[in-house]
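**Q** One structure, pasted below without further comment.
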């Protein structure tokens with residue numbers, strides 16, 4: 001069977017030509033994993049029936065850290081290569097000589113930031129149609145960095161402690177394994193381990209918990225370790241000196257407090273005593289009245305009251321008529337003046353009466369001259385004197401004393417006062433404040 005002359009021949013030839021002229025990008029083998037710092041190869045191949053004169057290849061990357069900002073890795077167009085993003089300069093190139101149907105690229109000295117999704121876009125005119133995009137994932141693996149180990153909690157015996165282990169870097173995320181570096185390489189029975197978080201909790205630690213512990217951080221491409229020394233602290237007995245010092249300090253504090261309380265008490269007591277002494281009034285005592293004189297003699301009674309000066313004076317005054325020629329002196333007047341318990345006087349006047357002077361003891365004496373016995377208790381004021389003469393009482397104002405050339409004052413002796421019947425009395429004293437004591 002031949003197709004010559006058949007009207008279907010041109011259509012069949014066009015259909016075959018269209019199939020042969022289509023471009024197809026091969027599927028990628030999947031994700032590529034590479035350790036940091038090594039070279040990664042990203043494959044991309046295609047098929048085409050057209051010449052590679054107009055070949056156009058673009059490699060793009062969608063970074064894992066920022067999927068919204070795709071970046072150009074490398075470009076081949078018109079028989080020339082062009083660099084993409086600045087961070088790929090000098091590290092990226094095609095694995096084969098261009099132009100070719102194998103447009104795979106390599107990335108030297110891979111970095112963690114190179115991780116992402118890479119796309120290969122191929123165009124070769126006049127071929128059209130078909131799938132012209134290839135997708136390849138790149139994962140840059142990072143081994144665990146040196147982990148940091150530490151102890152959390154008190155290391156005193158009986159306490160709970162947590163051993164921590166963590167690495168700052170590691171892709172994929174590392175796992176952590178704790179072990180005790182002894183003969184058994186096993187953790188204490190009371191320990192609980194979390195390999196994902198990298199922690200070990202040891203409860204109720206004892207002396208057997210002490211030792212060297214190791215943490216191993218590992219992932220798909222590497223491992224790293226750290227060591228930790230756990231030393232459980234046993235309770236130390238307190239020294240005798242420390243106990244004695246504490247007791248001595250407490251005793252000093254107690255003695256000081258007692259002394260302070262006693263001092264405050266005595267101060268309060270003395271202060272209250274002074275206030276009580278100031279509030280108690282002075283006691284005033286009065287003397288009893290003198291004993292009564294016998295009926296056969298005239299009584300001579302003298303009272304003295306308190307005054308500002310509290311003075312007791314006696315005077316014996318006489319005048320020139322004492323030496324008169326009259327041999328007889330009669331007692332014709334008896335005067336007794338009581339001046340508000342302040343002044344008393346007893347006087348004998350010479351006269352024509354023949355009655356001799358009689359004293360309290362009943363003896364008769366010779367006619368006496370004119371004598372006056374004055375007992376005064378001075379006050380600031382002068383009041384009228386009360387006198388008694390011949391049974392009549394009269395109040396006269398005492399004239400002021402007039403100095404006389406014939407008047408003399410002298411002190412009466414104790415014997416003279418006793419002879420005339422004077423009675424001794426106690427004179428109250430006076431304080432500076434004016435109150436009697």
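Backbone N, Cα and C define each Cβ position, glycine as well.
Pulled from Swiss-Prot, these are the listed features:
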- 44-120: disulfide bond (DISULFID)
- 165-215: disulfide bond (DISULFID)
- 23-136: domain 'Ig-like V-type' (DOMAIN)
- 144-234: domain 'Ig-like C2-type' (DOMAIN)
- 102: N-linked glycosylation site (CARBOHYD)
- 379: omega-N-methylarginine (MOD_RES)
- 382-405: region 'Disordered' (REGION)
- 1-22: signal peptide (SIGNAL)
- 23-241: topological domain 'Extracellular' (TOPO_DOM)
- 263-437: topological domain 'Cytoplasmic' (TOPO_DOM)
- 242-262: transmembrane segment (TRANSMEM)
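Show me how these features fit into the shown structure, please.
**A** In the structure as shown, the Cβ atom of residue 120 (disulfide bond) sits within 10 Å of 25 other Cβ atoms.
In the three-state DSSP scheme, residue 165 (disulfide bond) falls into the strand class. Around the Cβ of residue 165 (disulfide bond), a 10 Å sphere holds 25 further Cβ atoms from the protein chains shown.
Residue counts for the domain 'Ig-like C2-type' (144-234) under DSSP (helix as H, G, I; strand as E, B; rest coil) come to 3 helix, 44 strand, 44 coil.
Within the same chain, the residues at least 6 positions away from residue 102 (N-linked glycosylation site) whose Cβ sits under 8 Å from its Cβ are 44, 45, 95, 96, listed in sequence order.
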**Q** In whole Å, note down how far the CA of residue 165 (disulfide bond) lies from the CA of residue 120 (disulfide bond).
**A** 42
**Q** Using DSSP, how many residues in the domain 'Ig-like V-type' (23-136) fall into helix, strand and coil?
**A** 9 helix, 53 strand, 52 coil
**Q** Within 10 Å of the Cβ of residue 215 (disulfide bond), how many other Cβ atoms can you find? Include all protein chains, please.
**A** 24
